[in-house]
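What TrEMBL records for this protein:
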- 1-51: region 'Disordered' (REGION)
- His243, His297, His369, His568: Fe cation binding site (BINDING)
- 574-593: region 'Disordered' (REGION)
Amino acid sequence: PRAQAQPAGSAEGGAGRDVRSRAVASPPAAPAEERTDTVHPTTGPFVGTQLDQSMTVDELQPFYNGYRTGYRSVPPSDETKGFIQPSMIEGQIPPELEGTLLRNGPAYFEREGDLNKRYLDGDGMVTSIAFKDGKAFFRNKFVQTECFKAEQEAGKYLEPSIFTAEDPRKPIWWHRTAVDMVGIDRGFTGDPQMKHNGAYNVINWGGSLVAVDYAKPYELDPKNLETIGHGASDLSSTMHTSHYRVMAEADGSSRLVSMLNKINWRNHTTTSNFCEFDEQGNKVKDLTYVFPAAYVHDMIVTDDYYVLFDCPVRMHLKNTFINYPQGKTSLSESIAEDTSRKPMFRLFPRHDGVEEKVIATDKFCFSYHHVNGWQEGDKLIFDTTTWPKFTLYFLDIVDADGKVFWPKMSFTRFVLDLKTGECDAFDLDNHPCEYPAVAPCATGRPYRHAYLCTSAHAAADNDEISGPIHQLTKVSMASADPYCKETKVEHYYPGDTRFCMEPLFIPRSQENSGIHGKGGEGEDDGWLIGLVNNAGSTTDCVIIDCKDFAAGPVCTLHLPRYVPMGVHGSWSPEYIAGPEPQDVDTEAISNTH
């Protein structure tokens, strides 16, 4: 279904706009009257003809106004649980669908009478939807980090955050100079300690359910999402980021691979730590590599390598030494674009007998979230989402207008020659895209199908500006050949005031889940599942049959609580955080939002 309603709100922004606006500043907005003049083709050839290019930059602003409303705050008192009532379900939940959708993201951005946090600094809220026997159980719970509990009790912010310029510590200049930069309280290490909010991802692996932010994982109780704490298992004891990969090994087993990157501008190095966990949750590998200072966000894992995309960035001297100590910029704004060097791929060995490699590309670009990659003979293929100008776009994502804060990304393939060190690059699709996903069976293997959030609009009067990330897209390559450029693109466009979040692919059966590297049918034999924000007022969960993608959802669940635009999530084949379906009558929940 494509309910096409006029986005609420008027065009905002301009030179006088407060670029420090916060998530809480976006009020809820309801969809307005219907419009019928927008055309959104669902299929088409590569070259971008699918994009609606009928509107100017100013005419796109209502879409951004609607998008921004997806970042309003949720009070901790709004936690709830219960089965979603049949009256709130359109279509039918696939009866064979069993497991749990896990989502995490910042959800609480202000404390009464105190400063407001930027989006990624909000307190983390885990949302779960457990499916079994055609029923769905909803639960949302805030991650009870040490800082969350202390700040709730104090009624104010106590710790500094990565993305917020304001600082609750006073005087700011002293804490940011003597403590953060010099490290007088930590042996003069100069390693700033920021608040952990447990807000970026949630993973269920090897008997451990873990919420994680930029580094610190917190164990959760799989029965009810209550926070157990850091250090309860190997997975929750190991510092790692929100990005991980699950790899199939030669013996048929699977491993979860985590990473942690630390930049030290004082000695101009980055330290990357990679850990691997077996199916029982035991840490079976722990490797560390050091290289020249770089900002890396995500990774690709192949049979032989951990692969990082080293974006061309440098220290922003003015922000680091002048603006940050004065509280004018956040810690995250201490990096800037470096046009003096090329982007590089850093290939670190997973095991002995493999040589570390660095391969540069002539394509000057940046990337946060990667699609997939694999090795094939002397080639290593690296698929990712790229854009040409550096920006920490998620810093002010709640104030996005397409002009400044939202880069126009492309789905890009790099083919690295492991013998010659050469690198070829070309785009597979040029829809502005983010939050890619592939089938579990395709991770680290040749594949044909990718799923992304994409923009449906491009400005008619400025080729650098697109609309906000809006729809779900399936990109299918004609073959798994590394140099295949023939693609088929299909979209699910939910409506003008509805905005899709990161999708996840769910195999139709566990047998398909285990088909590694064969490509073809197993990769799209299942469902794509994701949350959709309805202009900041309500949230839906959509389930799409990937074999008939453009037909839209086979089922839409209207969630009983509003869930802000989240960060990342995962799918667990285990039914967790919910009672048995036979208890539906005693565990029903009303749709009160």
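Residue numbers in this text run from 1 along the chain shown.
Backbone N, Cα and C atoms are what each Cβ position is placed from, and that goes for glycine too.
Keep in mind that this is a model prediction, so the values were computed, not measured.
Sitting within 8 Å of the Cβ centre of His243, His297, His369, His568, and not among those site residues for Fe cation, are the Cβ atoms of Thr241, Ser242, Asp298, Tyr368, His370. When the binding-site residues His297, His369, His568 are scored by other C-beta atoms within 10 Å, His568 scores highest.
According to DSSP, His297 (Fe cation binding site) sits in a coil region rather than a helix or strand.
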